[in-house]
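What follows is a set of notes on a single structure, which appears directly below.
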């Protein structure tokens, strides 16, 4: 870039147009503070600058005013000049660069400017009353004076006029102190000094959200993102959007031969900018542009070396965002948008001169331009301006649904991508969108009005646009003390912009604005200025008309008296307008006590102020912010824009081809259009993405404008754009699905670790070294998975790159590249880095202000500019080597050359390769963003396009035969290494003629034994995918599988597949010749090459790799399970039979009349059709058997059995409300507070999975657990889980493998027990009871069906609805209770269970069911009879059961008579007895008269009054031999004995019951022996210590006397005691021992009894675990005999008592 020639001093002001002057004169008497030019910068006012003139003199100047794009500068010699902002930006200096000399010169300059101001006041005193402070954001509205001639201006005239305009800025603070304003409202949770930057940046991002592709967000979330000290998606998306816009701007500048922009782009690859690497680009951009200069940016430089960007102070973050937003104002797209808005609202300016991009510089604006929702193109004329404003106001308010003169009032193109197609029209603004561009799921679109994201945020957040889309804030005026009053984002902002004042910022919400107005109007000085400010504030916020400015009028009168009545006409007219609006009672007339509460003082206002007050109650503290909930859906629109642009380029290339006859038919034209779209979409489809646990990269919606999306709704073709994106990421998605969750958390570090694992998995076959063996590979993967810091990931990444074969990397990875890096020394050049003159020392007179780096400078000269330092090393990694190379060179003392460096012959500067540079960059990475960038560099250097077989459908088939076609049947059959060069032997199959370009690369042709030719080629000339397949087959790592099978033995299914391939013998022989053996895939039944197959872990069949899913578990070891789709969808349920305790109570047969209801799942034929198809003799029950209709698909029946209710045809309810409330999609961020837990697998919430909610039990489940696919979600209208439906719950695929294995073991044990004890007639899987053909109906059923045939459905696997042909009919004769004669007989007893089944309607509502049995047929109501065996209850608790505990009714409830004749049901399913609605059956009710006779005397009168709560025995109190306590539960004598036996067991097994299923018998042995061994060790210790203390003389007083026979019962204890106490002591009558001896003896005795191999003692359990149950019986009998004999021959009767006590109930 050439140095700019400085402008001559004394440049005249721009000439004003006459119509502009007339417009300002006409508007002068009106609301002047609002009629100003668009917002312009304020940051340059009051700044100091140094400028070098042609006479080699450097003058210090000060910017004093601004007018019509020009800044007035006064120099220290008294001269002045008007410059543009582009010239000033490079000349401004900050306070940190002022030395003592410059400070003295600055003070003299300030005095000179002050003298000019005083002289101007004396010469023109009338201007003080006429000119009011009218600056907006530091912009002074042009005051029209009568002295202007309009033709030419001298230097002195321009200086004086400029001084008049800037007089209000440089006046020193008057003697009267400024008015003390109330404190800020405190509703924004950031420091006050940063509020201005916050509102400015937020308004800018909201105003240009479409141009920047930033999905709108609330101010509260923005504050939370700034405060969050870790990575968050909102802050990442904002920075990425801003930097991408700047990237395009730099590219345009580079194309215009801008040296600075070119070097900024060449220093770092901007194509790698993403949500993880953007901090590196931010540092590089700020350093290149000189933004991070000055001591206040030291913490920013520290971030580059040490800390993360997110930990910066919130003020620093906002300053960085402010600078980025300022620089984006020069982006071409943004300037076009601003011009279009200005043209549509203000009108086209024919005299406007377009400023070149090179001369545009960032403008800092306070506040920003605001956005308009209805974007108008440049063709909009002045006549349609009013209509556009009406549409704007309708969008902003979002209230009315009026439409314009168009048909629907909405645009015909998507607002984001600009394409037509299927659009979603907003009801709040005239915009339309593709659902994919804004990330809206169609199933969640309500039936009523729908509002776009912009309108939704406008309703929630503060208002950005105010009357015009070119102004984001309204300026109310500036007081004499330099405080500017602004209205923005529904807040009053007060900025101190005076040169000598402090940067004080205060803000007030709507509730506090009245306080500010009261304080200003009560000021004793400068009343005139404050009245104008208060008037503008009152008008802007629509304060109630009852609030007048009466006190302001009094202040005006006093001001007039002080100024001798010299008031301008404008002031008089304004005060007259104010007085006309006043009323008798105002807010200022209220007492002082009411001023403290402005909400109660300001009443009776308009609706506008009330609405704003409601909005003002919202605080923006960011307390509820969650870091990963925001999802920038507008990036989908950016992808669509790129796809449309690529398609346009391809279409233009096709139209320029001369052969136009190829489109002679519409079919060929459509085919060509489809091919063009496929090519265009494939070019822009991103291959790379950072994996995340919440799967935000998943896009479900269609684009709306491709060829497939434009077809009719009946077409089942998928979206072509989605297909291209899915094809580009298909391999990565398959691997990523099994990686999460990793052990290093859910942050960005886990994404980097997951991608490193993906690189290793994708390059299998092209990685050598330790990755070829399984054990080192496992250790490496474990190291990556457990890495918790950035430093921990460096070593695995470097190890991975070190072992990648060079053939898999591009050639640029090994090229020398330091030659162009040295050119980028601009970042270390002091003049260019700072962009302003450096600090000047004494005697230094000048320095060039615009130093440019010349491109023709030599490398040596460029290198001498480099200053070194940590900052430059981190940014550009100059002169940085990897640590191993540096240490080795240091040990050698510099005597040898460093390996990996190219020293060359002509240059003395060694050059590094890209690989060496990358290694040094990885080792010097200090934060996550730097490491992520290096991962992306490595990923970019891999030859991804050649790793997979290319798709020939998208290849350009024109011209000669492509390499893809040549190698389509080729395979590598051999490999050899000679002279460190690798060659491969390629077999081309049946291809006999090869092109010349292939033959010239052939090194040797070798004949094989089967007379085939093997062509030897170097590895560089062989396709990479062939090398990968060959190397992977040679060094295939056997992944551990759950099914261990001999490698040489084929399964039955594999043999069947291979046998089927032999049916066509000729094709098989040809395939064997070409090594192309095929077989049918076990999943999809299509052909698959045997070399490309993978084996399913379940069915052991050959399958496509795409037909399988891989799941990895890292519980200590890497465990990979490969499951084909067929096995995953058709997993057979393990039969589970619920065995319960065997009932010993008398059997009661209870005839219960109830309503039969069915669940609408499977259609039922009308009875008339079934009667004709069935024989009368087979249908003995008189009820039609239910058969599923064939029209219902099998897949749908399987899904229906899990409780999903589908949408029916011709039903108005679409289920939108149910899906909005009860289905939580993966990555959905509109419900951040909802984190459900799956009710089956009990795993914590995973944002990457979809959940569905049961409306009955309020539990959530994974959609995969209920067999619900994502494509079927739009058809769901309801859901009720399996437990609520009383069916067996399926297994969740995300269940912990250990928990899943335990459940399977329980089911197997459950099934085995049921089979041993005998089936009671009800199978829990088939859910059908044994047929009872002897039951005949007494009354036939009605001929007409009770339900319409289309509305009656019955699930196949509902256990509550058994086959009616197999239900025992209860006739009226057996209505009363009957006492079974086999009450205490062994075996399973029958007990009927009463259940009610609710009907599921399509609208997911449950109205009150009506009886389906007519009154005359009530007695034929069939109860459901089931049998319950309770013998296995000790092994299971209710949590292990397949049904809920409510299924097990108490005997009191079951014995309660039900004479209601069929109760009705509420909506929640609870039964209400029709006879007495207030009756609620409980377990504490007393027995009624009709419960049954006494089981002792068999008498019904009087009624039995005692009921055993355990066994259900019903007797009279006078017949009972057992006593009964009043008010307590009663149990019979046998149950009391059982309870007594279980209580007296004590520690013998009672407190060591197994609460869960043991995995194997060895575990049972270990557990059984652990307790006795521990007790024996403790007892022996106590016994030994006690014996030792017994011999001590000091412990004589603690000894006790015991009989000596105590030690004669055990040989071991007797010998130990004899050795310790002596022979004489043990032969005496009594022995003196310590009490610890007795305690140890008792413990050993107890342990010995506990080890007896009988019953449930630990010894019995150990024997059972070691030898089995039959061995325990043998050991038990032998123990009983031996104990009996021991009791007869010895004095101890304790063993026999223990035997009676323990073994009696086993």
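Placed from the backbone N, Cα and C atoms, the Cβ positions cover glycine too.
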Given ranges 9-18, 19-28, the stretch to which Swiss-Prot attaches the annotation motif 'Nuclear localization signal': 9-18
Swiss-Prot annotation (transmembrane segment) - matching range among 1596-1616, 1659-1679: 1596-1616
1135-1164, 1165-1194, 1195-1224 - the range that Swiss-Prot marks as region 'Disordered': 1165-1194
1066-1100, 1241-1275, 1276-1310, 1311-1345 - the one Swiss-Prot records as region 'Disordered': 1311-1345
307-340, 341-374, 375-408, 409-442 - the range that Swiss-Prot marks as region 'Disordered': 375-408
The motif 'Nuclear localization signal' (9-18) [mean pLDDT, rounded to integer]: 40
